[in-house]
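Undergrad: Sharing a structure, written as structure tokens. Questions coming.
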Amino acid sequence: MAPARKFFVGGNWKMNGRKNNLGELINTLNAAKLPADTEVVCAPPTAYIDFARQKLDPKIAVAAQNCYKVANGAFTGEIGPGMIKDLGATWVVLGHSERRHVFGESDELIGQKVAHALAEGLGVIACIGEKLDEREAGITEKVVFEQTKVIADNVKDWNKVVLAYEPVWAIGTGKTATPQQAQEVHEKLRGWLKTHVPEAVAHSTRIIYGGSVTGATCKELASQPDVDGFRVSGASLKPEFVDIINAK
């Protein structure tokens, strides 16, 4: 029997916080009883990666919220994977809907970033998800499969990749996909993986859900067989993040 997938909870602090209130949040996380069989990763703003890594309990990993597709160069405002590692972070979030739709990042660029980050030794939380008009048009599968294919084409070793399904219509809106909606897409994503990567990889790759996850909604979502964890934004800045980490 294949081993169970380790539950994964990632907090995305986005462009929020200052040292004083992030320090309070970190103290709350450090003092909390967290399950040993759940992997926890926090993604602070780039300016606070070093601060978070120094203050957080070592069992909680740190991620960057973005990186570029090359190591160095004349790319004002960007950060390379090697720099991220130098700050003590071990993960990077790529393909978030805000990077896609606010900053205009293409599937191709996201794929290039994934390839470079993995080559440099970072773990990648790769985000995919449809917009509301795409869901209403009945093309959710088409959209997320196309996004996943570009990511898969750039992955050689899936051990350091987590797929995050984040329906854009549920991010920061207070709307959450029902457990059934989340499970349906996660199950189809795993089915897509089974036909495009080795079956063992399809089984072991974690597919997590993001989109207005709260302490009130997390337990039922976590009970779904193909929901392997969460990406949490607003609630990750609040004490209820501890409840979400303990959802499984």
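Every residue, even glycine, has its Cβ placed from backbone N, Cα and C.
What Swiss-Prot lists as active site, electrophile is His96. The active site, proton acceptor annotation in Swiss-Prot covers Glu166. The substrate binding site feature in Swiss-Prot is assigned to Asn12, Lys14; the stated evidence is sequence analysis. Look at Swiss-Prot and you will find Lys142 tagged as SUMO1 cross-link, backed by similarity to another entry. The annotation N6-acetyllysine is assigned in Swiss-Prot to Lys14, Lys238 (among others) on the grounds of similarity to another entry. Taken from Swiss-Prot, the feature 3'-nitrotyrosine covers Tyr68, Tyr209, and the record attributes it to similarity to another entry. Among the features that Swiss-Prot reports, phosphoserine is placed at Ser106, Ser212, Ser223. According to Swiss-Prot, the N6-succinyllysine annotation covers Lys149, Lys194 (among others), on the basis of similarity to another entry. If you look up Swiss-Prot, you'll see Thr173, Thr214 marked as phosphothreonine. Sequence annotations record features per position, and here Swiss-Prot assigns N6-methyllysine to Lys194 based on similarity to another entry.
What's the neighbourhood like for each of these?
TA: In the three-state DSSP assignment, the secondary structure recorded for His96 (active site, electrophile) is coil. Under 8 Å, Cβ to Cβ, and six or more positions away along its own chain, His96 (active site, electrophile) finds Asn12, Gln65, Asn66, Cys127, Glu166.
Cβ neighbour count for Lys14 (substrate binding site): 17 (other Cβ atoms within 10 Å of its Cβ, all protein chains included).
Applying an 8 A CB threshold to same-chain residues 6 or more apart, the list for Lys142 (SUMO1 cross-link) is empty.
Around Tyr68 (3'-nitrotyrosine), the C-beta neighbours below 8 angstroms that are at least 6 residues distant in the chain are Phe75, Glu78, Ile79, Gly80, Lys113, His116.
Counting only residues at least six positions away in the same chain, no Cβ atom sits under 8 Å from the Cβ of Ser106 (phosphoserine).
Lys149 (N6-succinyllysine) counts 14 other C-beta atoms within 10 Å of its own C-beta, drawing on all protein chains shown.
Sequence-distant neighbours of Thr173 (phosphothreonine): residues of the same chain at least 6 apart with a C-beta under 8 Å from its C-beta are Ser212. In the three-state DSSP scheme, Thr173 (phosphothreonine) falls into the coil class.
DSSP assigns Lys194 (N6-methyllysine) to a helical segment in the three-state reduction.
Around Lys194 (N6-methyllysine), the same-chain residues six or more apart in sequence whose CB sits under 8 Å from its CB are Ala202, listed in sequence order.
All chains included, 31 other C-beta atoms sit within 10 angstroms of the C-beta of Tyr209 (3'-nitrotyrosine). According to DSSP, Tyr209 (3'-nitrotyrosine) sits within a strand segment.
In sequence order, Thr176, Ala235, Glu240, Ile244 make up the list of same-chain residues 6 or more apart from Thr214 (phosphothreonine) whose Cβ falls under 8 Å from its Cβ.
According to its DSSP assignment, Ser223 (phosphoserine) is coil.
Sequence-distant contacts of Lys238 (N6-acetyllysine), defined by Cβ-Cβ distance under 8 angstroms and a gap of at least six in the same chain, are Leu25. Reduced to three states, the DSSP call for Lys238 (N6-acetyllysine) is coil.
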Undergrad: Long-range same-chain neighbours of Ser223 (phosphoserine), Cβ under 8 Å, sequence gap at least 6?
TA: Pro179
Undergrad: Where does Asn12 (substrate binding site) sit in the DSSP three-state scheme?
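TA: DSSP assigns Asn12 (substrate binding site) to strand.
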Undergrad: If you count the other Cβ atoms within 10 Å of each Cβ, which of the recorded positions Asn12, Ser212 comes out on top?
TA: Asn12
Undergrad: Between Lys14 (substrate binding site) and Tyr209 (3'-nitrotyrosine), what is the CA-CA distance rounded to a whole number of Å?
TA: 17
